[in-house]
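First comes the structure, then the notes that go with it.
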DNA sequence: CTTGCCCACTCGTCTATACGAGTATGCGTC
DNA sequence: GACGCATACTCGTATAGACGAGTGGGCAAG
């Protein structure tokens with residue numbers, strides 16, 4: 001068991017860098033160098049207080065910085081730990097290609113099982129709503145829309161929360177309005193109903209989560225969300241669906257392939 | 001001038017919600033409702049201490065929460081302000097299409113001026129390096145690479161930091177190794193040299209910035225970064241360039257168009 | 001052996017105080 | 001008017017202490 005001094009060094013009293021930043025720097029460097037690895041417990045607040053000879057608030061300030069940076073997570077009653085990097089799910093840009101739809105099973109389920117994870121979908125809700133301005137504009141200002149909400153989990157961990165919006169005149173009294181729309185999902189149903197899909201537009205933003213998003217996605221502090229809004233167009237140029245998705249950013253990498261022409 | 005009570009309400013002493021969270025909730029709600037607008041100054045710490053009858057650390061805790069959420073920014077000596085939403089730059093997925101390259105001017109400059117902003121590029125650096133493992137794998141394990149680093153600014157604000165890597169055997173002693181590679185950029189030069197571009201792969205992640213990234217992009221707290229890695233392939237299937245880009249997430253929307261086939 | 005309790009250790013919350021440092025304003029001097 | 005300074009206000013940093021609450025291990029009683 002190496003001494004704390006050899007792992008963390010000591011403060012530089014001549015430095016004009018704030019003490020809590022120096023402590024954060026020492027911990028960050030130790031993590032970067034692998035002295036603490038994913039899931040390892042960092043020294044307790046008391047140990048850091050003793051080692052650096054500062055007050056507890058100063059140590060907490062330093063640890064709080066690391067949490068904001070997404071490097072550490074604290075667990076009440078246990079300690080502060082190096083944040084584990086969860087397995088990452090890769091979303092390929094061809095994930096909605098027609099050939100995948102023909103298989104029948106939901107893309108999320110197939111792909112997760114192939115990756116050796118246990119997929120779940122919960123909090124499914126289907127209801128009719130008045131569209132928000134953003135959704136309304138994308139769908140051509142329908143008076144009402146059908147909203148399909150669901151949350152996706154991998155191995156019990158929530159990773160994504162998505163809502164699909166469809167113009168009500170298009171979706172009412174169809175399988176799309178059922179909780180389970182059947183094999184191939186709502187895109188397969190849309191095509192059966194004569195809305196042959198032409199292309200999708202996707203808009204990607206990243207930001208910090210709202211408190212509500214922190215709850216539904218069980219996000220650690222220092223983890224942003226990726227906000228993806230996809231609009232599906234049929235061959236007539238009509239927007240037939242908007243899917244609004246919020247993903248835990250530490251669980252995803254999005255992949256796109258672009259032609260050079 | 002409405003009283004603070006009418007804007008923020010009062011604490012609920014019977015609630016088991018932590019006091020600093022209640023204060024943060026009150027401020028967040030007031031911001032959401034438009035009682036404080038973008039750029040507005042929030043009540044000073046002292047005013048909040050007096051209004052809620054708590055100690056200053058409790059108020060600072062609440063304000064710190066809002067900053068982590070990206071809702072507020074503090075300015076030393078001035079106050080805490082509702083974080084202004086900067087104008088957002090939209091990156092379209094066809095931004096590297098050949099037709100845009102033919103114009104001659106740099107895409108960033110053209111587009112920024114069209115949007116009425118003042119574009120700048122700085123800290124240009126061109127050097128030969130040993131590639132990191134990730135870059136090396138993408139480029140087919142060259143021994144050395146040419147690295148082109150630059151930072152992009154809009155109206156004086158840094159928004160993006162990018163590094164292009166090219167296999168050295170391909171780029172050495174060409175215009176690509178010059179600080180200014182000429183009209184159309186390095187992609188135009190690559191095509192002139194016989195590497196006709198076929199497609200690009202882009203990988204997108206979002207995360208909190210490192211301290212170094214906070215400095216170079218002058219990021220407010222609570223602003224994540226979008227990390228985009230683009231690999232360019234020529235028609236022979238060879239990876240000819242990797243561009244590693246870190247963007248201030250509050251300054252960008254990425255847009256992609258996907259075919260449905 | 002099992003159950004249940006106590007205790008030690010962890011982080012969470014809150015108070016009170018002090019001083020430092022950046023900003024803006026007004027006022028007096030030049 | 002221009003300049004410089006004092007001052008009041010802002011947030012930043014740090015100390016010291018207190019109590020609460022979640023976790024886990026040890027120990028004693030059953």
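Including glycine, each Cβ sits where the backbone N, Cα and C put it.
Here TrEMBL gives region 'Disordered' for one range in the set A:76-96, A:97-117, A:118-138, A:139-159: that range is A:118-138. Taken together, the residues of the domain 'HTH gntR-type' (A:17-85) have an average pLDDT of 97. Each residue in the compositional bias 'Basic and acidic residues' (A:119-131) gets a DSSP state, and the totals come to 0 helix, 11 strand, 2 coil.
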